[in-house]
Structure formats: structure tokens, C-alpha cells
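Single-structure report; data block below.
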Amino acid sequence: MASWAEPSEPAAQLLCGAPLLEGFEVLDGVDDAEEEDDLSGLPPLEDMGQPTVEEAEQPGALAREFLAATEPEPAPAPAPEEWLDILGNGLLRKKTLVPGPTGSSRPLKGQVVTVHLQMSLENGTRVQEEPELAFTLGDCDVIQALDLSVPLMHVGETAMVTADSKYCYGPQGSRSPYIPPHAALCLEVTLKTAEDGPDLEMLSGQERVALANRKRECGNAHYQRADFVLAANSYDLAIKAITSNAKVDMTCEEEEELLQLKVKCLNNLAASQLKLDHYRAALRSCSQVLEHQPDNIKALFRKGKVLAQQGEYSEAIPILRAALKLEPSNKTIHAELSKLVKKRAAQRSTETALYRKMLGNPSRLPAKCPGKGAWSIPWKWLFGATAVALGGVALSVVIAARN
């Protein structure tokens with residue numbers, strides 16, 4: 001694999017300093033030779049040393065020696081720009097290699113930026129290069145290292161970013177591009193353009209589909225890396241692109257395509273919310289899917305799981321049975337339903353025992369203790385018997401009155 005390219009000439013000047021007296025060579029010439037002839041009869045200067053025959057024969061040799069002796073000490077080269085610790089933890093740092101033009105601005109959240117990206121491992125092995133990578137700033141379309149560092153750049157700037165794996169591909173790594181697990185990365189980023197994002201209301205049907213699909217694919221990538229917060233954010237952005245008000249007419253086919261895409265995003269959003277234990281939000285997402293597609297197996301299954309996580313076994317079991325009826329061979333639904341039936345039986349047993357305890361365990365009458373008479377009967381039984389007797393008398397009176 002290729003390693004990092006050398007910095008460009010402007011970057012080298014920024015890091016090492018520009019050379020002094022760039023026009024020095026124009027001092028050589030005929031006039032210098034004439035000056036040398038005029039000085040030939042003078043004794044050598046002790047503090048400068050006598051030139052050799054070869055040096056004296058070169059045109060302008062004494063002039064060059066004189067200028068070298070009288071030339072002021074060169075100014076020290078400016079130190080390279082310090083690294084900026086973006087988050088203050090040393091895990092994400094940025095250094096400007098080539099500054100942006102004077103007056104250039106920084107991009108804002110929500111703008112679409114285009115960058116030239118070169119990505120390498122810490123050992124210098126280049127793993128990816130994207131000459132025209134475009135993404136919406138702040139939408140989590142790319143790794144966090146880019147989303148957090150690009151807002152600190154000016155348009156036209158080139159910067160080096162070093163990032164811990166936490167802000168790149170994490171413990172899972174990546175297949176494409178291939179990134180090993182827990183790999184820190186070096187990014188060379190050039191911010192080329194920054195433009196306002198699209199007006200969702202003015203998007204055509206196909207443009208909405210394309211935008212929503214991009215956000216959904218970003219969510220899928222985050223989900224596969226077990227970054228469920230970012231996955232949920234991407235799915236939510238996809239749904240927003242689909243459901244926002246439209247000022248452009250769409251065909252029936254486009255509306256149907258958007259509806260199918262919305263269902264996919266809601267299902268994936270519910271899966272992410274389940275992973276985050278956000279049960280109420282997951283329940284809302286599943287319910288929205290079932291409003292459009294009452295027989296959607298994924299939504300039925302996830303809704304049943306959400307209710308089960310909340311302890312609502314009586315509601316969860318019929319929903320899972322409905323899902324199993326739609327797909328009888330699904331082993332996952334079979335296993336989940338069997339588990340819930342057992343949990344429901346255990347829950348009922350616990351509830352029965354609790355009710356008996358609250359009512360004084362009526363299934364077993366207390367044994368008579370020696371030395372105790374009728375007063376040993378609990379007061380609640382006496383009160384209950386009295387109430388029943390009074391009720392019977394009242395009922396008899398009513399019947400007699402009617403007759």
C-alpha cells in the first residue's frame with residue numbers, strides 16, 4: 001500500500017519557513033568581476049581569510065565572501081503550528097497544513113461540504129482516498145473524526161487529523177475500506193467547498209428517495225458497528241426527508257416508493273431503539289409501521305418484544321401469535337413466544353400467591369387453637385357473613401314487596 005504523500009510546496013513553506021534573500025544569485029555578474037580586479041592589489045583581510053587560487057579565479061568570489069560575512073543572521077524558522085486538541089482528551093487532534101485563503105469562512109452545520117480525503121493507518125499505510133467526498137455536516141453521514149474536525153477548517157484549508165478508533169470505526173473495524181478493529185487513523189483533509197443543504201420542500205420525488213436512501217444506508221453502517229445512537233439519528237433524518245412537506249407534485253409510484261422506504265426506516269429505527277432500551281420510542285415506531293402495514297412481521301415481532309420487555313405479557317403474546325400465523329416456520333418467533341408463555345405462567349402464579357397473601361390465605365382456614373372459642377374466627381369473616389345475611393334479608397323484602 002502507498003504511504004502518505006509529502007506535503008505540497010506551500011505546506012512545506014508553512015512548516016519550515018520560506019527561504020531568505022530569494023534573489024541572491026543576481027548579484028553575480030560583470031560588475032562583480034570588475035570589483036574583484038580593483039581589489040586585487042590590496043592585502044588580504046585577516047578577519048576574512050585569504051581566498052584560494054581557485055576561489056579567486058571565480059567571477060565575483062570576493063563579492064560573495066563579503067556579502068556572506070556582512071549578511072545578517074537568518075531569522076529562525078517559524079515553529080510548526082501546534083496540534084489542536086479538539087475534545088480536550090487527546091484522542092482527536094487537528095493541525096493545519098495549508099491554511100485557507102484570506103477571508104475564507106468555516107462551514108456551518110447542515111451545509112453540504114466536499115472534501116478531498118486521504119485516510120491512513122498510524123504506520124502510514126493508506127487505506128482510502130476520496131477526491132470528492134460530499135456529506136452533510138452534523139448529520140453523522142461519515143465517521144465522527146470528520147464530522148467533528150471539518151467544522152474547524154476554512155474553505156481551501158488542508159489539515160492533518162489524528163483520531164482514536166473511538167471516533168473512527170471502533171472495535172468492529174470496517175470491511176470496506178478495510179480497517180482493523182481498534183485502529184487509530186490519520187486523515188489528510190482538504191475542504192474544497194461548503195454549500196447550503198437542499199430545501200426539502202422543493203425536492204422532487206426521486207430526489208427525496210435518493211436522499212432518504214443515503215441516510216438509511218448511513219444508519220445501516222452505524223448499526224453494523226453497534227453505534228445505535230448514530231444509527232437512530234440517521235434513520236430519523238431519512239424519515240424526515242420522506243415526510244416533510246412537499247411543494248413539488250409527485251407521481252403515485254413515487255409516493256408508494258416513499259411509503260415503502262418509510263416503513264423500512266421505521267423498522268430499523270425501532271430496532272435501534274430496542275438496542276438502546278428506549279421502549280416507548282420503539283413502541284411508537286412499531287405502531288407507525290403497523291398503521292401502514294398491519295401484517296408487517298418485523299413490526300409485529302418487535303412490538304411483541306417491546307411489550308414483553310415492559311412486562312406486558314398478556315398484550316405481547318397475541319401479537320407474537322399473529323406474527324407466527326403469518327410466518328409459521330419462523331423459529332425466532334416460535335422461541336420468543338414459548339419464552340413469553342412460560343413467563344406469563346410464572347407471572348400468574350406469583351400474582352395468585354400475592355392475592356392469597358393479601359386476603360389472608362382463604363384457601364386454608366386457620367386451625368382452632370386450644371383455649372380459644374368462636375372469637376378466634378377472624379373479624380373479616382364475621383363481617384363478611386353479616387353482610388351476606390343483611391343482603392339476603394333485603395332481597396327477601398324486595399321480592400315480598402313486588403309480590
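Here the Cβ of each residue, glycine as well, is placed from N, Cα and C on the backbone.
The 10 Å shell around the Cβ of Lys240 (ubiquitin cross-link) contains 14 further Cβ atoms across the protein chains shown. Annotation source Swiss-Prot lists ubiquitin cross-link at Lys240 (among others), citing similarity to another entry.
If you look up Swiss-Prot, you'll see Lys262 (among others) marked as ubiquitin cross-link. Over all protein chains present, the Cβ of Lys262 (ubiquitin cross-link) has 19 other Cβ atoms lying within 10 Å.
Annotation comment: Swiss-Prot describes Lys264 (among others) as ubiquitin cross-link. Neighbour count (other Cβ atoms within 10 Å of the Cβ, all protein chains): 19 for Lys264 (ubiquitin cross-link).
Per Swiss-Prot, the feature ubiquitin cross-link maps to Lys275 (among others); the stated evidence is similarity to another entry. The secondary structure of Lys275 (ubiquitin cross-link), as reduced to three states from DSSP, is helical.
For Lys298 (among others), the entry in Swiss-Prot reads ubiquitin cross-link, with the evidence type similarity to another entry. The Cβ of Lys298 (ubiquitin cross-link) lies under 8 Å from the Cβ of Asn267, Val289, each on the same chain and at least six residues away in sequence.
Counting Cβ atoms from all protein chains shown, Lys305 (ubiquitin cross-link) has 21 others lying within 10 Å of its own Cβ. If you look up Swiss-Prot, you'll see Lys305 (among others) marked as ubiquitin cross-link, on the strength of similarity to another entry.
Positions annotated as ubiquitin cross-link by Swiss-Prot, on the basis of similarity to another entry: Lys325 (among others). DSSP classifies Lys325 (ubiquitin cross-link) as helix under the three-state reduction. With a cut-off of 8 Å between CB atoms and residues at least 6 apart in sequence, the same chain places nothing near Lys325 (ubiquitin cross-link).
Sequence-distant neighbours of Lys331 (ubiquitin cross-link): no residue of the same chain at least 6 apart has a C-beta under 8 Å from its C-beta. In this structure, Lys331 (ubiquitin cross-link) is part of a helix by DSSP. Feature annotation from Swiss-Prot assigns ubiquitin cross-link to Lys331 (among others); the stated evidence is similarity to another entry.
Its own atom aside, the Cβ of Lys339 (ubiquitin cross-link) has 13 Cβ atoms within 10 angstroms in the protein chains shown. A helical conformation is recorded for Lys339 (ubiquitin cross-link) in the three-state DSSP classification. Among the features that Swiss-Prot reports, ubiquitin cross-link is placed at Lys339 (among others), with the record citing similarity to another entry.
Residues or ranges marked as ubiquitin cross-link in Swiss-Prot (evidence: similarity to another entry): Lys342 (among others). Summarising the environment of Lys342 (ubiquitin cross-link), the number of other Cβ atoms within 10 Å of its Cβ, over all protein chains shown, is 11.
For Lys343 (ubiquitin cross-link), the same-chain residues that are 6 or more apart in sequence and have a Cβ closer than 8 Å to its Cβ are Ala308, Tyr313. The feature ubiquitin cross-link is assigned by Swiss-Prot to Lys343 (among others), with similarity to another entry given as support.
Here Swiss-Prot flags 110-195 as domain 'PPIase FKBP-type'.
The annotation phosphoserine is assigned in Swiss-Prot to Ser287. Same-chain residues at least 6 positions away in sequence with a Cβ under 8 Å from that of Ser287 (phosphoserine) are, in sequence order, Lys303. Ser287 (phosphoserine) falls within a helix when secondary structure is assigned with DSSP.
According to Swiss-Prot, the feature region 'Disordered' maps to 26-54.
Outside the repeat 'TPR 1' (212-245), and at least 6 residues removed from its termini, the chain residues within Cβ reach (under 8 Å) are 139-141, 144, 169-170, 172, 174, 200-201, 203, 258, 261-262, 264-266, 268-269, 271-273, 275-276. If you look up Swiss-Prot, you'll see 212-245 marked as repeat 'TPR 1'.
Note on the repeat 'TPR 2' (263-296): residues 212, 215-216, 219-220, 223, 228-229, 231-232, 235-236, 238-239, 242, 302-303, 305-307, 309-310, 326 of its chain, located 6 or more positions outside it, place their CB under 8 angstroms from a CB of the stretch. Swiss-Prot lists 263-296 with the feature repeat 'TPR 2'.
A gap of 27 Å separates the Cα atoms of Lys264 (ubiquitin cross-link) and Lys339 (ubiquitin cross-link). A mean pLDDT of 96 is what the model gives for the repeat 'TPR 2' (263-296). For Lys275 (ubiquitin cross-link), other Cβ atoms within 10 Å of its Cβ number 15.
Of all the recorded sites in the list Lys275, Lys339, Lys342, the shortest Cα-Cα distance to Lys240 (ubiquitin cross-link) is found for Lys275. Spatially, by CA atoms, the recorded sites Lys262, Lys275, Lys305 include one closest to Lys339 (ubiquitin cross-link), and that is Lys305.
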